[in-house]
Amino acid sequence: MSSKLAELNAWVAHYADLTGADRVHWCDGSEEESARLVELMLGSGDLIALNPQTHPNCFLHRSSVSDVARVEHLTFVCTANRDDAGPNNHWMDPEQAKAKMAALYKGCMKGRTLYVVPYCMGPIDSPLARCGVEITDSPYVVANMRLMTRMGAAALARIEREGTFVKGVHSTGDLNPDRRFIMHFPEELGIQSFGSGYGGNALLGKKCHALRIASWQARQEGWLAEHMLILGVENPQGETHYIAAAFPSACGKTNLAMLIPPQGYREAGWKIWTVGDDICWMRPGADGRLYAINPEAGYFGVAPGTSAKTNPNALAMLTHDAIFTNVAVTADNQPWWEGLPDGTPVADWQGRAFDPANGPAAHPNSRFTVSARQCPSYTPMAEDPQGVPLSAIVFGGRRESLVPLVFEARDWTHGVLVGAGMASETTAAATGAVGVVRRDSMAMKPFAGYNFGDYFAHWLSFDKPGAKLPKIFHVNWFRKNAGGKFLWPGFGDNMRVLEWMIKRVKNEVPGHATAIGILPGEGELNRDGLNIDAADLQALLHVDTHAWRTEVGAIADYLEEFGERTPAALFEELDKTARQLV
Ligand code: GTP
Ligand code: MN
Ligand code: MN
């Protein structure tokens with residue numbers, strides 16, 4: 001046995017002992033193993049089989065009622081020096097955190113099986129990929145990790161070769177929210193999670209590893225780990241431009257990643273290819289461009305609102321081999337959620353007889369888990385070990401006023417400011433109030449594993465001689481009129497905005513320079529077949545100088561929060577904007 005496997009074995013043995021697990025099972029990722037786990041979960045009630053005629057190999061999981069979303073107030077970054085975690089994270093002293101967790105883990109797996117899940121984030125042969133091992137007592141977590149990562153024997157072989165891996169420990173514990181913690185130890189590439197079975201808290205490869213720990217690793221190694229979808233836009237000439245986009249949770253990443261171009265575009269030969277829908281790891285290549293991979297192998301998407309109208313590709317991939325969490329079911333046992341035009345829920349997400357008085361039938365943060373390969377727009381380029389070269393980076397949020405449909409940053413530094421200053425109204429994806437505007441730099445507020453001040457400086461550092469950086473844009477699909485109605489039809493029609501971005505990348509249109517950035521000039525946005533009146537379009541592209549001055553002040557206050565660590569270049573850039581807002 002290699003010394004690296006010896007280290008892994010000793011670590012597993014330590015937790016087997018501490019947790020008092022009855023058995024230890026090393027996951028190989030095989031079909032047989034998966035079938036056995038499903039059998040086990042059907043027996044225990046962890047999974048409920050859905051209609052095998054309409055949804056073969058699809059299962060429903062109902063989580064504990066108080067365990068339905070990420071818990072940011074219970075998520076900690078534990079660094080030796082508190083300032084390294086920054087005001088953007090909850091911090092706990094690493095030794096104190098470990099002691100707390102060891103007390104919780106003690107004996108917590110009595111009567112349970114401890115699963116060892118080796119996984120690789122990214123194509124197994126990619127130099128950009130990184131590996132981890134998750135210890136968990138939840139077979140539901142194993143089943144999800146199997147869909148969401150490259151899990152099993154191949155990952156273990158890479159770990160043995162490479163040595164370095166992220167060590168994640170997870171136990172559902174007793175699901176008591178008072179005994180729930182998600183701890184990160186970036187300095188030792190460790191994660192410890194207790195008391196939750198929910199996706200972002202329990203599938204440690206995703207937010208914990210691929211964002212919080214990876215962002216720390218990325219800073220040290222000169223790359224970026226981001227909360228971004230990656231898509232390819234193929235034009236009628238057959239050339240494909242790749243775009244990465246960061247929107248906060250439940251703000252449209254999965255939708256945009258799987259967009260189907262509207263009528264007219266399709267006939268002309270435009271296509272959208274999906275590389276990833278949630279996480280993007282990118283690094284400069286030898287030619288100076290940024291190359292991106294999707295570290296995940298599946299989608300953990302928001303179910304409500306997913307329909308043949310909003311996201312036909314997602315709907316198409318959800319007819320077989322999928323896990324649904326906290327959706328409702330129909331009389332003939334099909335999965336159901338708000339936004340589906342057909343079907344009637346008979347049981348709600350908690351398994352009660354559906355009664356509208358109890359609220360929505362499906363939980364607003366109910367999710368599907370499915371292999372990326374089942375998506376009709378999935379591109380083989382997503383498996384390319386070198387990644388895809390980026391033409392554009394997009395930031396965006398949910399803003400019912402102020403922020404126009406789209407604008408382009410003046411340059412990289414301004415783009416970093418746009419990302420750092422972005423804000424969004426909160427959603428059901430995390431516990432807490434919904435609809436409150438909060439700053440969410442690069443959509444990474446819940447996910448950056450270190451001080452945002454250092455993070456902004458790291459972003460700025462990519463602008464160096466020889467770099468051929470993507471253009472940076474900002475979008476807002478969510479602007480509303482006085483009556484509270486969305487001004488922009490969104491979804492497939494977002495293609496029009498993507499097309500304008502590509503035109504800007506290729507320098508085919510001049511755009512219209514404003515104080516906040518470059519907006520589409522007169523006639524530059526394709527309106528053929530678009531159902532929107534001129535006044536609404538004008539409102540969508542309006543820059544309200546007075547309101548933006550207030551916004552600039554709010555951004556300055558926010559950047560001050562990171563003190564000395566906020567790069568001076570961002571304040572200088574903000575001044576540039578302020579001076580033009582007259
Ligand atoms: P996470 O997976 O939690 O990181 O979120 P996500 O960014 O992938 O969110 P998702 O694509 O699942 O978006 C969920 C919500 O955004 C749903 O309520 C959608 O209806 C809404 N949405 C997505 N795209 C658009 C759009 O173009 N316009 C409008 N109005 N709503 C949209
Ligand atoms: Mn996300
Ligand atoms: Mn998503």
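Including glycine, each Cβ sits where the backbone N, Cα and C put it.
All TrEMBL annotations are machine predictions without curation.
According to TrEMBL, the residue from Ser30, Ser34, Ser249 that belongs to the substrate site alongside Arg70, Tyr198, Gly199, Gly200, Asn365, Ser366, Arg367 is Ser249.
When TrEMBL records Ala250, Cys251, Gly252, Lys253, Thr254, Asn255, Arg367, Phe491, Gly492, Asp493, Asn494 as binding GTP, the matching candidate from Arg283, Arg352, Arg398 it lists for that site is Arg398. By the rule that a residue counts when its Cβ sits under 6 Å from some atom of ligand 3, the binding-site residues Gly199, Ala250, Phe491, Asp493 yield nothing.
Taken in sequence order, the binding-site residues Lys207, Gly252, Asp278 that lie near ligand 2, meaning a CB under 6 Å from one of its atoms, are Asp278.
Spacing of Arg367 (substrate binding site) relative to Phe491 (GTP binding site) is 19 Å (Cα to Cα, whole number).
Counting neighbouring Cβ atoms within 10 Å of each of the binding-site residues (Asp278, Asp493), the lowest count belongs to Asp493. Checking the binding-site residues Gly200, His227, Gly252, Asn365 against ligand 1, the ones whose Cβ sits under 6 Å from it are Gly252. For the pair Cys251 (active site) and Lys207 (Mn(2+) binding site), the Cα-Cα distance reads 16 Å.
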